[in-house]
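A.B. asks: Pasting a structure here, questions to come.
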């Protein structure tokens with residue numbers, strides 16, 4: 001504004017202020033302090049009058065009210081008495097006439113009415129109506145100074161347009177105008193009364209940019225974004241329209257307000273109204289205001305719905321006409337673009353800005369959801385990718401699924417080729433230490449035997465059954481000629497009609513066609529465990545892919561989980577985990593016997609058994625033929641019987657014992673006897689006379705829990721059935737049931753004269769032995785176990801012929817899943833899982849056990865060395881492990897011999913005879929050990945630590 005305009009306005013303001021102060025000084029001398037309490041200003045009608053052209057007088061009136069409020073100490077102001085009453089109270093009192101004042105700009109500064117009367121004799125009428133006092137917690141509105149445009153182009157002081165006015169907030173009347181109400185709400189919230197009314201003409205609350213974030217744009221707002229409101233004439237026109245909307249002058253409410261708001265003495269009927277009448281009037285006004293608010297809310301809701309439909313139509317039109325970015329064109333997002341937005345440029349809140357597509361994809365996208373978008377977003381961090389954010393959730397899901405499917409189509413064949421190239425002929429070589437893979441990812445072996453197979457010889461009833469060789473995963477060394485012949489109800493298909501028993505395992509044992517001198521020549525054999533009867537610690541890959549909730553802990557739950565694909569996975573395991581190369585290497589290691597664990601489902605399944613039925617039977621028969629080929633004698637071990645004989649995972653089903661105990665105990669006992677009858681009948685054939693020389697009844701029956709007499713009676717019946725079925729020459733092995741070997745001294749002595757007592761000895765499953773120092777473990781084996789086996793193997797001091805069917809060189813129980821799936825170890829004291837055989841919470845390595853021992857104050861126990869690859873073993877640790885294994889061989893050879901557990905594992909090196917040979921921690925030839933307990937001294941193990 002020009003400088004002379006400012007100076008002129010300041011002079012006018014000072015003159016007006018001086019006149020007003022003089023007026024109030026004279027009024028104060030006329031009336032006492034109590035009379036001033038009646039001057040509390042009621043803006044019931046003045047708000048409406050001021051809303052038009054009374055802005056100048058509002059300054060004067062507000063200041064007068066403010067001064068009177070400070071003088072008044074009463075929270076309930078009293079009405080001023082009428083002039084007649086004041087005369088009665090004080091006869092000397094006379095109303096003092098105000099001095100005539102010079103009118104400025106055609107206005108009278110001491111007039112409160114709208115008629116423009118500036119007469120000296122004008123009587124100032126005081127409104128005596130009671131006024132509602134301000135609540136205690138409400139503070140008066142602050143004084144504000146702002147630059148405002150003149151509210152009407154008809155104001156006479158046109159040169160003052162844009163001058164900052166000083167205004168005081170008056171108390172809100174029952175019919176406050178929308179404009180004043182809006183300004184007061186802004187004052188309470190501490191916001192500015194903005195010069196621009198662009199975002200305030202709408203009845204909806206909130207800033208323009210805030211409503212834009214919520215999607216509440218209207219046509220005026222869109223116009224504002226594109227360049228502002230326009231001229232003052234257009235703004236005044238919109239303002240008058242809004243006043244007509246919220247303050248309809250033609251309505252009855254307006255007439256009533258005008259009537260009671262008048263300050264003319266001729267119309268001051270309000271002085272005659274009672275308090276009750278005023279209360280009713282206030283109630284009417286409040287009700288009218290509520291109706292107006294409800295109507296405004298309804299209008300706002302309709303406007304929002306209209307806006308939503310408009311935006312929806314606009315988006316549809318935008319999608320139809322949008323043009324994708326040309327191929328090869330570089331999309332720069334917002335770079336180099338001019339964005340016109342008052343809120344955006346003023347506040348700098350670019351993340352809140354909603355813009356149109358920006359030359360790419362999508363319409364009206366929020367910057368926060370399009371960071372780095374290829375079509376118009378990003379700012380400094382623009383990296384592309386906003387086109388994906390603009391897609392619908394359903395579209396994203398479909399595209400993602402398609403991409404994943406495409407990747408799988410590409411990856412699976414490539415992985416299969418790489419795996420095949422890596423493994424080569426692993427299946428034929430017997431080196432199958434890796435976990436089993438999906439049969440579909442790798443084709444079956446060549447199956448050259450099917451080249452001579454005539455499909456026409458296969459009856460229709462045999463197709464896609466056990467008798468159809470085209471369904472077999474592997475046919476190597478099997479006879480694929482169809483035959484439905486069975487022996488003992490068990491098929492012979494796959495066997496060749498001829499055999500040769502002249503093979504000899506090594507020079508220290510006789511060939512198969514000659515009897516083995518049991519009792520004179522010790523058995524040196526190995527188990528092929530975890531093959532036909534799965535065990536988690538031998539093949540953890542079958543179980544580690546499942547989580548705790550799946551509860552896959554044994555072959556029962558695994559078969560149930562794999563169904564209906566269980567047969568494919570498990571048959572591949574049968575064909576590859578143990579094969580011809582395995583038996584050739586067993587022979588080369590100086591071993592002469594093989595113990596083959598298998599379970600009853602190779603013969604038959606019952607009820608709802610999920611096991612893979614009978615498929616393993618042909619692989620068992622083929623394994624026996626491989627043993628025959630390499631001069632190895634076989635010990636058949638029924639590892640899992642119906643109902644589980646011990647409740648452990650290697651019996652097939654972990655949990656309770658259901659064999660000879662429980663509701664189905666007797667039934668399962670009878671079923672197991674029937675299984676032995678079928679097996680004994682089959683292996684009583686002449687072809688197995690020289691190769692199957694030991695036949696086991698049941699692996700590790702838990703006689704510590706089972707009724708001992710029931711087990712002994714079952715053993716007796718089973719032996720009788722086996723002999724009656726024709727298997728007369730084979731030795732029958734029965735388990736010690738974990739009873740003390742001395743207890744067997746008088747048990748089952750007269751049942752049969754060709755029996756073997758089978759005991760399994762481990763130090764790692766006994767808390768009193770696993771924590772022994774290395775030196776003491778060797779002493780324990782060379783002393784305690786040598787004496788134990790010697791006594792048990794002799795009639796009179798023990799039962800008689802005794803073999804050790806299982807043992808290992810492992811000196812800790814650290815192997816994964818050894819104590820059940822997801823169960824810790826005794827060595828670390830982490831056996832706190834309910835599925836653990838025992839609850840062991842105290843570490844049992846020599847440096848931490850027993851508690852209270854001064855020596856048990858060393859480093860914490862560790863399984864790192866025990867579970868490491870043998871190539872990382874120290875020389876002293878390798879020396880100890882080999883000596884520990886050879887000491888056990890020496891002890892068990894005091895009886896009928898031993899079977900190491902086991903030949904192959906996926907990762908547990910100290911439980912694999914094959915891995916032990918490769919690592920150099922087992923003798924190169926089983927019959928040529930380097931250490932013997934009776935002659936050699938233990939010596940020193942150098943720097944071998946006791947915590948591993």
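Yeah, the Cβs are placed from backbone N, Cα and C, and that goes for glycine too.
Bear in mind that the values here come from a model prediction, so they are computed numbers and not experimental data.
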A.B. asks: Of 422-463, 464-505, which range does TrEMBL call region 'Disordered'?
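C.D. replies: Matching range for region 'Disordered': 422-463.
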A.B. asks: Identify the transmembrane segment range according to TrEMBL, selecting from 375-396, 397-418, 507-528.
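C.D. replies: That would be 397-418, per the transmembrane segment entry in TrEMBL.
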A.B. asks: Please list the DSSP helix, strand and coil residue counts for the compositional bias 'Basic and acidic residues' (294-323).
C.D. replies: 28 helix, 0 strand, 2 coil
A.B. asks: Can you tell me the mean pLDDT for the domain 'Glycoside hydrolase family 5' (573-820)?
C.D. replies: 97
